[in-house]
Amino acid sequence: MDGHISSRGRENEGSVDDEPYNILPLHDMLADHDALRFPEVRAAHAALQAVGDLSRPQGWRHGMDLLDWLGVLFGFQAGNVKNQREHLVLLLANDQMRIHPPPDPVDRMDARVVRKLRKKVLKNYVNWCSYLRKKSNLWLKNQVNEQRDLLYISLYLLIWGESANLRFMPECLCFIFHNMANELNRVLEHYIDDTGRPAQPAYTGSNAFLEKVVTPLYDIVRAEALACHEGKAPHSAWRNYDDMNEYFWSKRCFSQLSWPLNRSCSFMVDPSADRGKFFGQRRVGKTGFVEQRSFWNIYRSFHHLWTGYILLLQAMVILAFNSDSTPWKQLTERSVQAKLLTIFITWAGLRILQAVLDLVMQFRIISVGNILTGLRMVLKIVVASGWTVVFVVLYIRMWNQRNSVGSWSGRARTAFLQFLEAAAVFIIPEVLALTSFVLPWIRILVEQSEWKFFHILTWWFQARWFVARGLREGVWDNFKYTSFWFLVLLTKIAFSYFLQIKPLVDPTRELLDLKNVDYAWHEFWSGSNRFSVLVLWAPVVLIYFMDTQIWYTVFSSLIGALVGLFAHLGEIRNLPQLKLRFPFFASAVFFNLMPEDSYITARPWGNVSKSIKDVWHRVKLRYGFGTIYRKLEPGSLEAGKFAYLWNSIMENFREEDIISDKELELLEIPAPAWNISVVQWPSVLLSNELQLALRQAQAWTGKDDKRLWRKVCRSEYRRCAVIECFESTKHVLMRIVKLKTREYEIIDNILSDINSSLASYRFLENYAVRELPEVHARVLALVTILEKKPVDEDIPALVQALQNLFEVVVRDLQLEKEDSMSARVTTGLASELLFLDAIELPHHDDEAFFRQLRRFKTTLSTREAMNNIPRNLEARRRIAFFSNSLFMKMPHAPPVEKMLAFSVLTPYYSEDVMYSREKLLAQNEDGISILYYLNKIYPDEWENFMERMRREEGIKDIKDLWSLEKALQLRLWASYRGQTLARTVRGMTYYHKALQMLSYLDGVSEVDMRQGIELMTASVRGGRTNSIASAEINSNGSQRLSLGSSGRSNTGELFKKSQQQATASMKFTYVVTCQIYGAQKAKKEVQAEDILYLLQKHEALRVAYVDEVATGNGKKYYSVLVKYDDIMEKEVEIYRVQLPGPLKLGEGKPENQNHAIIFTRGDAVQTIDMNQDNYFEEALKARNLLQEFTRKYGIRRPQILGVREHIFTGSVSSLAWFMSAQETSFVTLGQRVLANPLKIRMHYGHPDVFDRLWFITRGGISKASRVINISEDIFAGFNCTLRGGNVTHHEYIQVGKGRDVGLNQTALFEAKVASGNGEQILSRDVYRLGHHLDFFRMLSFYYTTVGFFISNMMVVLTVYAFLWGRAYLALSGLENAASGTLASGALTASINQQFIVQLGIFTALPMIVENTIEHGFASSVWDFLTMQLQLSSVFFTFSLGTRAHFFGRTVLHGGAKYRATGRGFVVVHEKFAHIYRLFSRSHFVKAIELILLLIVYMSFSSVGKSTTSYILITFSSWFLALSWILAPFLFNPSGFDWLKTVEDFEDFLDWIWYRGGISVKSDQSWEVWWNEEQEHLRSTGFWGKVLEIVLSLRFFVFQYGVVYHMHIAADSTSILVYLLSWICVAGSLFIYIVLMLAANRYSMNNHIYFRAIQALVIFLMVLLIVVLVEFTSFQILDVLLSILAFVPTGWGFLSIALVFRHFLERLKLWPLVISVARMYELGFGVIVFTPVAVLSWLPGFQSMQTRILFNEAFSRGLHISRILVGKRPNPGF
């Protein structure tokens, strides 16, 4: 990138030699570098230099430190040592900065800091040793040994820094550290080995650690990764990262793998060489858990939940069928109590099921080494079976005794009590679990203790793992989430009993009692209607299992609203509300963002008093009670700091082009000028205040000055406006009138009189206030002339304006003229023209004067409140959120030097860095370019950008922009409005900029602040300078001010910028891990050029990438970190660490993050995706957020800080708005409730902040195993919770995030998430959380992760169960016989619940509630109604199908994969063929099936004859089916344009008939796509194939049911009717084969023969129909019924054929299957296309669709219609 980048002013770095460094030049501690001036840095470096009497290994050189010593001793790479040296120095220095009191001397490392860091880094290792009952190799001898602590810390960091992919295996690193620490201890203690020489490590020499430790372990990990066959192999067939890591949870790692590494042990056996079987196998297989693909995982992982539901359902059914009385009355009856005891039989049976599932699914982990695990599984089956037998026997015996005695007395009562005694023993485990829940410390003690007694005690209940121990919360947290779930479950039980179960009792009894039913088909079970009862109950039971999700959504929305209200969210929703609080907004800024005294001096009254005082101050600030906490005084340091901070925010708004130059002047706080004695609030706050004050004065009738002034002063802004205008008037008059002139004396006397009257409160006596408006008008006229920068020719007008003002004051305003000083001076001058020779025009370059003058005029002239400033909606939202957040509860900010250091990590692969000129100008098929589109979507920002370019670059129109070198500014403007890396980098580097400014504010003096504000105000327009100062804006947007007129050098720079940069750099690091940046540079791709430009532009940015270097023995791989060096003016390499092999073994994103995490720094790391953004004003709160790590939430400090997100893509279209609103409610209200009160928030890929040291020692910030961890982010939250971490959520700070904006993108995203959840249900993490969390936290975990997708799937299954059940009743004729019985209220209630979910209650209700909190009830209701009009329900219904399909298919067959959604702007029309490819299997085919069922029900049901009844029963099903078909076209731009529709169908036909070939892609050929679409069936397991066949059998029901209703059947119900119908199937297949063979043989060369054969077939078919009509009861309608019967049968055969593909290919029948499938796809396409074509043909529908899709744009006055109709834009675009 050749764009000019100004120097960042590192003027003090000239003495540093040319060796590149990252943050600290530790290679030259004598360098004149600001960071080296910190005594803490020197102390840390000195501590590492203290080698002392350590033995000098071979390769030792003078000047080496402790890390060099370890590097030489153990063979660590030089790059790794260099990297970890700076890492450790920064950790130690930052920790030492925070200790209080500071050490003495300050440049010596405090032992407390070293000890604390060692404990934190090695805590997981110590826990691991304790778990394995191995003695730790930390030989500290109970005494302070700073050097040894440093050696242990350094050793671990060096191991971690070079372990590459092994970092995903934290206990493997513990194993390595344990053995290397032992070798280190032997060296330190001068041990002698067996040869009589000093002890040496097992591996030493150059790169020994990489080659002899990491590489062998990496090779076996890689071999296992290759064994997964790109994720197609079953999870149970290969070991993933977790399996490899959990091998180190047992002592066999010491006995088998041992040290030095035993490469022949079973752990190191390559899977391709392993031919062992289960017992006695050579290779270690799965360890700890086996991921088996099965739907049973849903039950197995959450068996407590399903057991509870099943037992509760059984109890409710018993009570409902017993009598009509209320349940609580029935429970007093002994017979009912006895019947309810059957739940124990069911309970025991469910325990058998759980035990069998455990044994079957985990059989592969049983080996000789853990035979006790298998024994426990078998014993659990035996014991559960025994309990089942016991309960059955006792139950039968009890009722026998009851029947023999006739009452519940005597032996019957004894038998009943015996059953209860047995049940009491049976539930002992549950009683113990309840006890541990009520007293959580008991379970924590038992689970975390290493006593063998506790191990034996808990062995029966669960396997013992290193993780998932002590997952309990405090008593108060327990109470909160228990109360929540008590309310949810109580509501669910009441609803289920009274509205679902109870209403089904009578219909069930009537069905069972129904006899002599006249069936319409051959009924195999004519003597019983039990199957009909099953059909009746199926949808109700499914809803019963699902509807807790509904009640959770309702209650979580309400609770989330309460928590949000108590957190004071939404109190400032707009600028008028901010105006009310702005007088004490400054106090809120100081209270929250400025360091308090307690960080410098300790407070004697302690934390309790501090907390009480803190609460009281917040109350005063929030509600304005009492006096303002810290009132601003004009000219004070506090006022200066506030003005500087506020103006910096506004200036950033201007740089981002979301406000204009004029708006900036109105919003900023001006520098102290003109001796104004009050605080000069922003002009927008003073608007109209002077006019209101004038009206008050004019309407005043009394003579009491004090009362009038008190009335004016009720408004702080009015008081300030009056005083500022009066003093500004004085200044202007004295400024433009020459000194020592008579006119000057006159003005001075008049003003003195006014001041005297004001001071003595006699103004109303001496002056006529009714004349003030006239004075105001004359002053305004004067200021208007001055504002235009008058020249000599304008002096007459200026004189006239002054004369007019003078006359009004002297003649009209003054009442007591004879007594005033001015009267005596002006006697005789009333008719004389003054000011002719007394005018002194202000200099045109005096920008400060004219800037203040413009403010003065604004205050004078505005006659209404400026509530529309700024006009940009995003600017308004950001100001409102920032101001509101400062009245929320947050930790106080420490000084920058004492804050926690942190990093930001962003993974990047090959997405857009910046939009290139070509991409911006490239036109779509309608002639619309991205630049033109952005211009119309963001019109105000475009105007602001052009205004800035005219000011900075002197351009006149857009064509001039292209003349600038590479149009850099225009490219940046566009890139900052897309989802590009440039936008993310700009946002994240705001942290660095904010810390620089805060560092300056921490130590600024009052004099410096005053000068700084003056200079910043003068420089606020680029290129504007005054006579005192000039300003320069550097490339990263930060201001660098220098004294321009004095000629001083930058060494006297006012802000001491280099020191602030050094402080900010020590506290913040930004690493973008551009994995293939090296390859992009080699290929000279545009992305590499743009990344280099970003490195130049942003000082804090570092880029990490993987460098592939070809050697004679293959390739070597390196993790490389680079930066841009201003002095060398080029990119420089800082660190290079060799990897053992290719980076990507598992999922790409976590592997990319993992390789670069070694280059991050600090105590915390924030994970940021490439579609995210940040805001400068939010970056100011980073210090506050990081302080959360020091506070306890519940019984633990947090390890993950959840951060709120703002979705910035909601304004593009209605669809983007739906997604934005849905995502916003999830990341705000949803996360809020999960954190408090539910205590189960995880990490969802949001901009969460991690406790960095905690995570890097426990496996990293994500998991990377192939496929199973495809949703890699959430596993960080799982891992955190399992390892005893705590996750919180904080809403006083926000980060921007982009979302998918088109339906295709959205569907791909939903598919990715749903597939990821399908894999999660198989994972060990979910299983362990489901088993080890207490019951209520487990409910929270279930319903907010995989349970949400299970509930979605159940909703769809409910529709299927309802329609298939109704079709069965209609086709069988049973509905006619029991029409009254089947009209059940329970069924209606269940269908209504299903419809509510279908319409989107899971997302709509939280959305409405959150909108109400933050924007008000009226706005929320209006938005909701608008969404409905824009068909949001159609979108939510469509999304429901996406989630259900991909979740179910992944659980059943697998096939989860990363789906690139793309992050572009979606205004392009998607072709029909593309839409069909995306949604054919997930929506279209299923919708067609549902429509067929609805048609069948309408045709053969008695209800179908009643239109009203049919609509009421089937409306929700029709809505779902039609939504699944039409939604992709409703939300497709130009989806109903007739010309495009015709073109799309032609393109679809071409795609269908193109047979493909080599290198043909799926978007070119149907056959290629079809093969890819069935890929999951090739890799699915045996039971997946069986279930696929079973599910496909449902299509044969159509034929069985319909053929009996054909007229040719003559009302016969014989089985022969069905058997004979297969003749039609065979005949149809024969005809098709004949036609296919004829086509293959004759269609190309002898076309006439082919036509003849077609004609013959048609003739014979017509002849057959005529014969059947003539000689049988066959009617023409039977032809349609035949299609309805036999077409689904063919689809069923086709679905089954896909399972047997390999078999059919051997039989040479596969071409026939492909041919039949093609015909079906063509038919499906025509069915889907038909309504689209009809709607496209209707006039006006396209316009309506455009309005629906782009209503948000229309409401903002955008010209979307022009974009869509394809009008050619201006050539400049």
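Using N, Cα and C of the backbone, Cβ positions are placed for all residues, glycine too.
What TrEMBL records for 147-262 is domain '1,3-beta-glucan synthase component FKS1-like'. Across the domain '1,3-beta-glucan synthase component FKS1-like' (147-262), DSSP assigns 78 helix, 2 strand, 36 coil.
Annotation comment: TrEMBL describes 302-321 (among others) as transmembrane segment.
Among the features that TrEMBL reports, transmembrane segment is placed at 377-396 (among others). Outside the transmembrane segment (377-396), and at least 6 residues removed from its termini, the chain residues within Cβ reach (under 8 Å) are 341-342, 344-345, 348-349, 351-352, 354-356, 358-359, 362, 366, 415, 418-419, 422-423, 426.
According to TrEMBL, the feature transmembrane segment maps to 416-439 (among others).
If you look up TrEMBL, you'll see 451-467 (among others) marked as transmembrane segment.
Within its own chain, the transmembrane segment (479-499) has Cβ neighbours under 8 Å at 312-313, 316, 319-320, 327, 473, 544, 547-548, 551-552, 555, 559, 1236-1240, 1336-1337, 1339-1340, 1385-1386, 1389, counting only residues six or more beyond its boundaries. If you look up TrEMBL, you'll see 479-499 (among others) marked as transmembrane segment.
If one looks beyond the transmembrane segment (520-544) by at least 6 residues along the same chain, the residues whose Cβ comes under 8 Å of a Cβ in the stretch are 309, 313, 496, 500-501, 504, 507-508, 511-512, 514, 1354, 1357-1358, 1361-1362, 1364-1365, 1368-1369, 1371-1374, 1378, 1382, 1384, 1386-1387, 1390-1391, 1393-1394, 1500, 1600-1601, 1604-1605, 1613-1615, 1617-1618. Annotation comment: TrEMBL describes 520-544 (among others) as transmembrane segment.
Residues annotated as transmembrane segment in TrEMBL: 1341-1363 (among others).
For 1484-1504 (among others), the entry in TrEMBL reads transmembrane segment. Listed by sequence, the residues of this chain that lie at least six past the ends of the transmembrane segment (1484-1504) yet keep a Cβ under 8 A from its Cβ atoms are 520, 1359-1360, 1363-1364, 1366-1367, 1369-1371, 1375-1376, 1379, 1441, 1445, 1476, 1510, 1513-1514, 1517-1518, 1520-1522, 1524-1525, 1598, 1601-1602, 1605, 1684, 1688, 1724, 1727-1728.
Under the heading transmembrane segment, TrEMBL lists 1510-1531 (among others). Within its own chain, the transmembrane segment (1510-1531) has Cβ neighbours under 8 Å at 1214-1215, 1302-1304, 1359, 1362-1363, 1366, 1391-1392, 1394-1395, 1398, 1431, 1433-1435, 1437-1438, 1440-1441, 1470, 1475, 1478-1479, 1483-1484, 1486-1488, 1490-1491, 1493-1494, 1497-1498, 1501, 1503-1504, 1728, 1731-1732, 1735, 1745, 1748-1749, counting only residues six or more beyond its boundaries.
Taken from TrEMBL, the feature transmembrane segment applies to 1586-1603 (among others). Residues 295, 521, 1364, 1367-1368, 1371-1372, 1452-1453, 1492, 1496, 1500, 1577, 1580, 1609, 1617-1618, 1621, 1625, 1681, 1684-1686, 1688-1689, 1691-1692, 1695-1696, 1698-1699 of the same chain lie 6+ residues outside the transmembrane segment (1586-1603) yet bring a C-beta within less than 8 angstroms of a C-beta in it.
Long-range contacts of the transmembrane segment (1649-1669) within its own chain (CB-CB distance under 8 A, at least 6 residues past either end) are made by residues 1608, 1631, 1634-1635, 1638-1639, 1642-1643, 1675-1676, 1679. Residues annotated as transmembrane segment in TrEMBL: 1649-1669 (among others).
Sequence annotations record features per position, and here TrEMBL assigns transmembrane segment to 1720-1738 (among others).
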Stretch in 416-439, 1341-1363, 1720-1738 most in contact with the transmembrane segment (302-321), if contact is a CB pair under 8 A: 1341-1363
